[in-house]
Amino acid sequence: MKFKITRLRIIVFITYLWVLFQTWYYSMSVFKLHNFYIIDTDTYLQSLSSAIFSNKFFVNTVPGGSFFSVHASFILFLLLPFYSIYPNFIGLYSIQNIIIFSPTIPLFLLARKRLGDNNYSMLLALSYLIYPAITPVPFEAVTLFSGFAVFAYYFLDEDKKIGFIISFLLMLSTIEFNPFIGIAFFILILIRSGITKNILNYINKIFHTELNVRIYNSWRFYALFSLISSIVIMYLDIKFIAFASHGTHSALQNSYGTNILSLKNIITNIKTDTSSKINYAMLVNAPYLFLSLFDPVLILQFPWIGFDLISSFNAYWSYGIYYEAYLWPFAAIGAVEGLYRISSYVKKIDNKRIIKINPSRAKKLIILIFIVMLISWAYQDGIGYSQNMPVHINIKDQQLLKAISPLNESSSVFTSENNMPVVELKSWDTWFYGNNKEYFILNATSGSPPSGYGVYDAAGRYVLFKKGYDNKPLFNDLNYTRHYNIDTIDQSFNVLVFNGNYTVKLYLKSDGYNNIYSEGKSSNETKYFPVNTGIIIPFNINKTMKITYIYTDYPMTYGYYTVNSAISRNESRSSIIDYSNYTNYASSSEKFYYNIILNPGTYYFWIYSSGYPGGIYIPVSHGSSKLIKIDDTGTELYNYNLTSSFTITSFTKHKNVEYSASSLLLHASNLSVNRLYKFKSYYHNGTYLILVGLRLNETSLLELNNPEIIITVTSDHADPYNNIFLDNTLIPLMPFIIGGIIAFIIPGYKKDHRRLKRISGLLVPELMLIFGIIFAYGYLNIIRMLYNVYIFAAFGISISILLLIYLYIYYSKT
């Protein structure tokens, strides 16, 4: 059998690899524990997991309650069998990436149909993969909309009713705003309908023009279906949200930043940040060279652009947020249609009008689109990918997996937002607010939990506490390091341990030495300077020096506010060279960081406070300094014969400086070394909170450049956990890459296996229906044994395999 690699096969293979990379990159990055950006992903994880594990109606803890009490995302019901295959954030990201990147296939087929060129159509379709407007994270129902919308348009153009019905209904089912876009489809269909044809024929007859329009053969069906289904789904969305929220939430409340029932509010919002709203739409369309402007498909962008205009919620028009999913699919489709419009011309052959394509014009524009896409993607995403590639997960971050290993899927757990996605691998019932939970998983440097909790286990820097637990921990692998910058003479730090033997080490480190220069005159007399009031003190430099920081010892009053400083060339505010400020709560001393080089000459040091209540006490003596009053309205300068002292440091050389101390601690025994305080401790609820104190004299603090203290705490029985797949995250990729290559080189079907295609196509909806019945019987406790995640997963795997068979046969003949 002769093997032929088609362009479509190449696109499918490259899209598969891209989906694989995106899923790997963002999933493995979660284990690096910088997860403050995926709270929405947590919401969907908990909603789906609660449905398949805990017999709850799509309940989440962020912000709490049923998901359907806020949003009508019926798509979640259909995701259940697929999510059950691998019910965690990796499975969820896989589903999303497949849906949002698979439009490369219909975009290629659409471009090939319009432009008649395989290679350039392939290039145009592949440019979609690096379209910078696409947001692969977090998981969002809004994002799923984009993939279904492209398929709906493709099947509409191909006049394939079943494909259109399925894709269109999936598109509408993702979230409650979508019926407005469904109505935009209805308007687009009307424009390309027989009504439009009659209008154009009349115009052509009157003005002797040759305007033309593409007509859908079954436009009446598509028009009626898109309009009726959009209205019905909109009605169901409104009613279902009211039902799930028990009437406490309305679908209209989801239109943040606007009151669509108030004309005055709408007019006000239209005038609010209008230029940013327009720029937002332009940024999304720019990589495709605004080609959608040349075709009526632009209408499909109008619902979201119009909604942006009448809203004051700036997240809706902030570039880089998932709401762009309402625009990017239609910008991509618009590029294909726009290329067709500006590259085609009408030629009469035998008195017949034939539409021809100017291939040169289309090819140049496609190459330009791809170059623009590549540059935009490299600037926005590519640099970040290269710098943060999660090839290896730090062993310290891996310890969280060991700490949560005793949990089950229904354990009630409190943790931080950062840890939440990983903790949800074990328990969907995870919270980052509230404290009445069965378990607490905390960083050892965060302090101790509320009373009534005992240590259940410890691994790395993570400690798992259990409510009412007073037995020996399951395991004690406590091992963590904490870094603290030193800003003042006196420093104190809390570290958490519990009964057992530990090695505690303390390091005082610095990256070099400073020269010290004292300026001004000191005095025992102090004067109070109110908020926004201070002094300007002259000082002289007799050689070129690099200023690292300026140290003062001026006590503040009560309150949390800012002490500001500056260096200037003269007493004018406009001559200020650099600013530095320090915000703290009633600090007794301040260290202002600078990084400037001063040449020999006279300069002025400014110091004053801001905020509430403000005010500082400054030791003063007779001198030549000036009193200042400085605020947002300007600066006032007064002659006042006083001065004060401060210290300037200048960096001289790099040299690692280190003081260290260590001791085996049993029940927090005391330790002292060099200039360090002794360890102090107090017993609290089965744990020890160790107070580590450090004191340096003023000279030592100033002579060290960027001093920091490092504390390590290690249990004598610590056994660090490591996972081979997280040590080298490329390992789990290998089977998928190899499998993709094998599928790529397997020849396509030579014969038309219509029977197998028909059987697989019929079995998919039948299995979905059976799954729904089994899930309902188990969920409602009619047949409890059916409520089992393994049964759900079996259906998910079967449906997925049948879908792959159907699509493989279908596209082998395309």
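Cβ coordinates come from backbone N, Cα and C, glycine included.
Unlike curated entries, TrEMBL annotations are predicted automatically.
Under the heading transmembrane segment, TrEMBL lists 7-26 (among others). For the transmembrane segment (7-26), the residues of the chain that approach it from at least six positions outside its boundaries are 90, 93-94, 97-98, 101-102, 104-105, 108-109, 112, 118-119, 121-122, 125-126, 129, 136-137, 385, 389-390, 729, 732-733, 736-737, 740, 743-744, 748, 811, 814, judged by C-beta separation under 8 angstroms.
According to TrEMBL, the feature transmembrane segment maps to 64-83 (among others).
Only residues 6 or more beyond the boundaries of the transmembrane segment (90-109), in the same chain, are considered here, and those with a CB under 8 A from a CB of the stretch are 7-8, 11-12, 14-15, 18-19, 22-23, 26-27, 41, 44-45, 48, 79, 82-83, 121-122, 124-126, 128-129, 134, 136-137, 139-140, 143-144, 146-148, 150-151, 153-154, 325, 329, 332-333, 336, 811, 814. The annotation transmembrane segment is assigned in TrEMBL to 90-109 (among others).
Residues 14-15, 18, 22, 26, 37-41, 44-45, 71, 73, 75-76, 89, 92-93, 96-97, 99-104, 106-107, 109-110, 163-164, 167-168, 170-171, 174-175, 178, 181, 185, 189, 216, 222, 283-284, 287, 297, 300, 319-333, 373-374, 376-377, 380-381 of the same chain lie 6+ residues outside the transmembrane segment (129-156) yet bring a C-beta within less than 8 angstroms of a C-beta in it. The annotation transmembrane segment is assigned in TrEMBL to 129-156 (among others).
The annotation transmembrane segment is assigned in TrEMBL to 168-191 (among others). Within its own chain, the transmembrane segment (168-191) is flanked in space by residues 71-75, 78, 141-142, 144-145, 148-149, 152, 156, 213, 216, 219, 222-223, 225-227, 229-231, 233-234, 237-238, 241, 251, 254, 296-297, 299-300, 302-304, 307, 326, which lie at least six positions past its ends and keep a Cβ under 8 Å from the stretch.
Look at TrEMBL and you will find 219-236 (among others) tagged as transmembrane segment. If you look at the transmembrane segment (219-236), the same-chain residues 6 or more away from its ends with a CB under 8 A from one of its CBs are 72, 74, 156, 161, 164-165, 168-169, 172-173, 176, 178-180, 182-183, 185-186, 189-190, 192-194.
Residues or ranges marked as transmembrane segment by TrEMBL: 280-305 (among others). Beyond the transmembrane segment (280-305), the same-chain residues lying 6 or more positions past its ends with a Cβ under 8 Å from any Cβ of the stretch are 127, 131-133, 149, 153, 177, 180-181, 183-185, 187-188, 191-192, 317-319, 323-324, 326-328, 330-335, 337-342, 365, 368-369, 372-373, 376.
For 325-342 (among others), the entry in TrEMBL reads transmembrane segment.
According to TrEMBL, the feature transmembrane segment maps to 362-379 (among others).
The annotation transmembrane segment is assigned in TrEMBL to 730-749 (among others).
Here TrEMBL flags 761-783 (among others) as transmembrane segment. Here the transmembrane segment (761-783) has long-range neighbours at 51, 55, 77-78, 80-81, 791-792, 795, 798-799, 802-803, 806, meaning same-chain residues at least 6 beyond its ends whose C-beta is under 8 angstroms from one of its own.
According to TrEMBL, the transmembrane segment annotation covers 789-811 (among others). Here the transmembrane segment (789-811) has long-range neighbours at 8, 12, 52-53, 80-85, 87, 105, 749, 753, 756-757, 760-761, 763-764, 767-768, 770-771, 774-775, 778, meaning same-chain residues at least 6 beyond its ends whose C-beta is under 8 angstroms from one of its own.
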